[in-house]
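Q: My questions will all concern the structure given below.
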Amino acid sequence: MTTIFAIETSCDESAAAIVRGRTVVASIIASQIDVHRLTGGVVPEVASREHLQALGGVIAACFAEGGLGWADIDAVAFTCAPGLVGSLLMGSMAAKTLALVHARPLVGIHHLEGHIYSAFLSDPALEPPFLCLLVSGGHTSLVAVEDHGRYRILGRTRDDAVGEAYDKVARVLGLGYPGGPAIDKLAQRGDPRAFALPGGRVESPFDTSFSGLKTAVLRLAEKHRLQRLPIDRADLAASFQRTVVETLAERVELALAHTGYDTVVVAGGVSANRGLRERLGQAGPYRAVFPPMHFCTDNAAMIACAGVARFERGFRSSLDLPVQSRLSLEACDSLYQCLPVP
């Protein structure tokens, strides 16, 4: 069974993992949240420096946890796009050095493909085709996963990603960073119908827009402040979350009807949201698959799992593979020097 060692450094987590097949052998994550909380968001230069300081220890701890050596590893996978260039470079240099020193093949992985494969860690029997709702701080997309490595983007956000909207609303409510978990927790105590807020609907049936919703929350909070009226933050958080969740659920149900698929994978950092899990996890005509909670946010286990799928199908990357801040999920094959023969 294929065993992959992987590194993930696309943003503010320094992570390494070993996955055998679809089973996690070891996974280590060094988070930078406490560092970036001081500035209310990720500072790219700071993130790069933190990766540089953490990666050596993270890699050593990963092999120690797994009880394996390089003789057990078939290939090295790493996140090469998209993400913060400086952060990606830290992981790229480490992965390429290890692949070269230990004479192992290299497999570059698209970060969002990694998130899709995080669902395989909770359901090893999962197979395409299925629909994937990718929801994170930087991405909100509906993707038809037609086969392993074959993706068709059905819809995306026109402006703010879901996670970005959560962070901005959290700042308005004085909840700090990161905003997603803070709003999710506060919303459990509030009335989700206390405030009528505009949904994220646009003309395209599968696209979303959350800038109007974010602005509505900002204006509502400002109006109460100017009029010196009390505002229940829990009610506002619950109303905001309900609006987001219903908008996403509507898009998912439309896309499932359009594709004829009966399974939706929900992946990305926002897939940990309790409101979203409850809404999409309700009994219905479709099955919802979520990653394990500890693999919803950025981690290397998902990169390794995607690496297994790519490696077993003959994909290999060059040591010259550059990192890229932006790359469409539909362009994944551009990351590979050796492509399998059809």
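Using N, Cα and C of the backbone, Cβ positions are placed for all residues, glycine too.
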Q: Leu134, Val135, Ser136, Gly137, Gly138, Gly180, Asp184, Asn273 bind substrate in Swiss-Prot, but which of Asp159, Asp160, Asp167 does that record place at the same site?
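A: Same substrate site in Swiss-Prot: Asp167.
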Q: To which of Asp262, Asp298, Asp320 does Swiss-Prot also attribute binding of Fe cation at the site defined by His111, His115?
A: Asp298
Q: State which of the following binding-site residues has the fewest other Cβ atoms within 10 Å around its Cβ: Gly138, Gly180.
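A: It is Gly138 that, of the binding-site residues Gly138, Gly180, has the fewest other Cβ atoms within 10 Å.
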Q: Given the recorded Fe cation site (His111, His115, Asp298), which additional residues of the same chain have their Cβ within 8 Å of the Cβ centre, ordered by sequence?
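A: The surrounding set, listed in chain order, is Glu8, Ser10, Thr79, Leu112, Gly114, Ser118, Ser136, Gly268, Asn299, Met302, Ile303.
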Q: Taking DSSP three-state, what's Asp298 (Fe cation binding site) in: helix, strand or coil?
A: coil
Q: Cβ atoms within 10 Å, counted per site: which of Ser136, Asn273 has the most, among these binding-site residues?
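A: The residue with the most neighbouring Cβ atoms within 10 Å is Asn273.
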Q: From the binding-site residues His111, His115, Asp298, pick the residue whose C-alpha lies nearest to the C-alpha of Gly180 (substrate binding site).
A: Asp298
Q: Looking at Cβ-Cβ distances, which residues of the chain lie under 8 angstroms from Leu134 (substrate binding site) while being 6 or more apart from it?
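A: Spatial neighbours, sequence-distant, of Leu134 (substrate binding site): Leu112, His115, Ile116, Thr140, Ser141, Leu142, Val143, Ala267, Gly268.
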Q: Count the Cβ atoms, other than its own, that fall within 10 Å of the Cβ of Asp298 (Fe cation binding site), considering every protein chain shown.
A: 27
